[in-house]
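Data block below; observations after.
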Amino acid sequence: PNGFVKFIRSIFGYRKTSLTLFVILTYVAVLLLAYLDHSLYYSVDLPTSHKEQELLHQAWVDLQHIAKYEHAYGSSGNDYVHDYLESRIVSAVAHKSYVEYDNDLNYTNNIMFGSRSELSGNSFNSVSYYESNNLVVRINGTDETLPALLLSAHFDSVPSSFGVTDDGMGIASLLGVLYYYTGKSTARPRRTIVLNFNNDEEFGLYGATSFLSHPWATGVHYFLNLEGTGAGGKAILFRGTDYGITKYFKGVRYPYGTSIFQQGFNNHLIHSETDYKIYKEKGGLRGLDVAFYKPRDLYHTAGDNIKNIDIKSLWHMLSNALDFTAIVTKGKIDLDADSLDSESSKSNTDTAVYTSFLNFFFAFPTSQVVVASILLLVLIPGISIPFLIIIFGYKKNWELSFVNVTKFPISLAISAALLNLFTNGFIVPFNQFLPNSSPFALVAILFATFLLLNYLILNGINLIFVSYKIVNHDEKLISIIETSFLYWVVLIYSTAKLANNVIGDDHSGEFPIIFLCALQAVASIFGLIGWSFKPVPKEHYVVVPQEEAEPLLGSSDNFNYGSPDVEDDRLVSDGSYDWSIQFLTIVPISTYLIYNSGFLVVDGINKSIQESLISQNLIYKLLQTFAISLSIPLLPFIFKVNRLFVLALFLISTIGVLFVATADSFNVANPLKLRFIQYIDLDKSAQDSFVSVIGREASPLQFVLSDIPSVKDSKGAVACVPTRDGLQDCSYKSSLDPKLVPGAKSFDDYLKVDILKNSSSNVDYPFGLLTGEIRIRVPKNRECVLDFKPSESTKIVSPFKDSPVKTVIVYKGKKSATTKEVEAESIPEGFSKDKDGNYVYKDLVGIDQLQLNKLDWDKSYHVGFQWVPNFSDVDINMKKSATNKLNVSVKCFWAELGKGEESTIPAYEELLHYSPNYVSWANSAKGLVSVSKTVEL
């Protein structure tokens, strides 16, 4: 018995070795739990039932076919995928009479719409014309009164990618759902299900937008959007429109998500968008956005291929789609009868706060989270203050000094400042892109450095003021209380923001603060209870040996820090070990919450350091915040860690310095991502083409291009110019011309612009609208962009900042000889069709750009414009014709990639072949080749 008691005392006594053991076990447990939670292999099981195995097998076969070629909207690979999907859909729907199929390829669902954005403080209005070939399936439910559920994914890729994750797995999952509900053993669902296999998401979210004009969109109230903004791994719940629909994600078998990502999207920290935006903002639907989210350096590159994907990733998305669909369609849900007057309906419209842990899903409305936060904010001081009054007002048994109270916040502030200096003064200058390859190594270095700094500063202060010490001051409890107050203040701010949660100022991902604050408060109150019951001190103090533990529910820390452990019988005679209760209350759970949140954020966005300087600055701030936050739960106990732990911190920091100086930022597993386009400017030359590559400044971009054979053979220079936000554009004249138009003798054959109508009569000038009309002839093409601006000569006298173009017209076919020019005032604002079925869009503020997307490879674009002449008083009298002119810049894109001898873009193939293995390639625009020409009307 004595040996057992001695063992327990040696483990749980407040000793350096005991504390260090607790710390090590805590970090091992946290890392292990987080790994199990985030691991695809340990958290997702492949199906065991024969039916689901068959579904997964067929979906995997479908994915292999989808990813056979790059399949951007402007490539023949897109037609291949469309036709393959159509054949699979037609085969599946033939089994059930209540399943319908429609193909937008019949030109019944073409759309035209405008979108306004802010560029450099100026309003920019773009109008898009899009010819849809969505594949839409409707599985009619038995209860026609129930609103329908939409499942959506897009079947196009970017030109540089095979689109396995983005969004082949989403499409394969939709096919899996279709196979399930058209299978012989599956009963007809009660709720109607609509499946939208949409096209051209990548450069305008066009497929989702066109679906809203489809007749089957009527009656749809809910949606599940399946996406990919990474390349494999687990599919995460990015965001939900509200709590009402998000809570149903709890029923899927492998839920994975956190509202931290939702906060990032809603606050525009993540710049890429998905079809979710269209369904929510334009369609007014309620739904979820489920997507793969990492790694970003393979996203939109050739690395997003079938070789880099695990079948478990597909099953994770497919199983979640099957489960969510089954939950929503098996009968009525409370959202079907939502009334704004009911309390449940009000909470259903709240933003959702959600997270998952080991396949358990937790979701709450923001209103409930706010109430819980307010209750906690009231309870903490309400309980703590009476104990403080008892301790300092009645018993007066806790004597504090200014040094005791201020040393922890001083240490925290100095350590944070030094850590920032270390980051921005050493890491960034020596290896600024290191977060791309080693984000968690940096977190470990910063974490160890921050702990070490606090250990040295706190114990240094103790050493300086050792002669002024008060024996029973309990610096551990002081640090716990001060940390609790810090969390309390942060929770006030977060709660105030969450109570008024809006898009652009979303705080739904800050829920861990509630738990951190509560845990810290419990530990501090526990310590205050101990002091409240501690006897009033005698007239003199007795110094207690360092290795003795604290009295029952109290503490008697001394300043012999740094002294060796005394491995003898001098343990606590009264058997109290309340420090362990405080440690177990604070450190394990707090550390997991902070690590899990930080891991997800860093793992999701660290690759975006290659996208901009703003992203780089954000990532380094997040790394420092992560390291500091991860340290805080341990800081109240940092006084007591033993020498070996301190030595480990020192070694990590020291080795970290060498690591930062020598580690590679880019490697095979974490490549440098560069963006390519080959461009021809016919205004300058019909014979020359240039390659433009965009990447980060100070990256190996210029070195990579200088080593390409055609560049060295031509002895041409690679010219690099800074563009925006830490990016640079490096270009060189290419000797490898694209081969996209058979029989073309020069690049003039790629793009011809015929001016059909140069202007209207000047009868009403300068007070009437001028009109112009052009035909754009571009063989083997689907995508062109027109930019409008006044003529250079007009700019001198123009008093207007807005675009002069007020109306654009896309002619459906050959213009009728009897067609009369439509009077401007008779055209309604926004989109309309004239009597001949031509597509018309009018915006009196001005139209800066027209984006054209068509399906017929060889059909010409036929476009008309109406614009306001620019004039001044001088112009009215002199009627200078120069002020009537309009420049129309036409740029057309090609995305067709051949292989080997049939290579259509040899300059791109050369870069793929000769670049170092640490480089991955993506497109920088709609296509991989662009040809431009400017005409003046």
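Just so it is clear, glycine is given a Cβ too, placed from its N, Cα and C backbone atoms.
Zn(2+) 1 binds His154, Asp166 as Swiss-Prot records it, and from the list Glu100, Glu118, Glu227 the residue named for this site is Glu227. In terms of which side of the membrane each occupies, Swiss-Prot places Lys16 apart from Asn667. Of the residues Glu54, Glu86, Glu202, Glu399, Swiss-Prot places Glu202 in the same Zn(2+) 2 site as Asp166, His300. Long-range Cβ contacts of the transmembrane segment (619-639) within its own chain (Cβ-Cβ under 8 Å, at least 6 residues beyond either end) map to 19, 23, 408, 412, 416, 419-420, 423-424, 427-428, 435, 439, 442-443, 446-447, 449-451, 454-455, 458-459, 462, 475-477, 479-480, 483, 557, 561, 579, 582-583, 586-587, 590-591, 594-595, 598, 601-602, 605-606, 608-609.
Across the structure, Tyr299 (site 'Transition state stabilizer') and Asp166 (Zn(2+) 1 binding site) place their CA atoms 8 angstrom apart. Scored on C-beta pairs under 8 angstroms, the neighbour of the transmembrane segment (644-664) with the top count among 408-428, 438-458, 511-531 is 438-458.
Here the topological domain 'Vacuolar' (497-510) returns a mean pLDDT of 95 for the predicted model. At the 8 Å Cβ cutoff, the transmembrane segment (408-428) and the transmembrane segment (438-458) share at least 3 close pairs (sequence separation 6 or more) and count as touching.
Sorting the glycosylation sites Asn140, Asn606, Asn758, Asn887 by the number of other Cβ atoms within 10 Å puts Asn606 first. Taking the Cα atom of each, Asn606 (N-linked glycosylation site) and His300 (Zn(2+) 2 binding site) are about 16 angstrom apart. With Cβ pairs under 8 Å as the measure, the transmembrane segment (581-601) is packed most heavily against 511-531, out of 374-394, 438-458, 476-496, 511-531. Through the fold, the topological domain 'Vacuolar' (497-510) approaches residues 258-264, 266-268, 351-353, 366, 369-370, 373, 597 of its own chain, all at least 6 residues removed from its boundaries and within a Cβ separation under 8 Å.
Look at the topological domain 'Vacuolar' (602-618): DSSP puts its residues at 15 helix, 0 strand, 2 coil. Using a 10 Å Cα-Cα cut-off from His300 (Zn(2+) 2 binding site), the recorded positions that qualify among His154, Asp166, Asn758 are Asp166.
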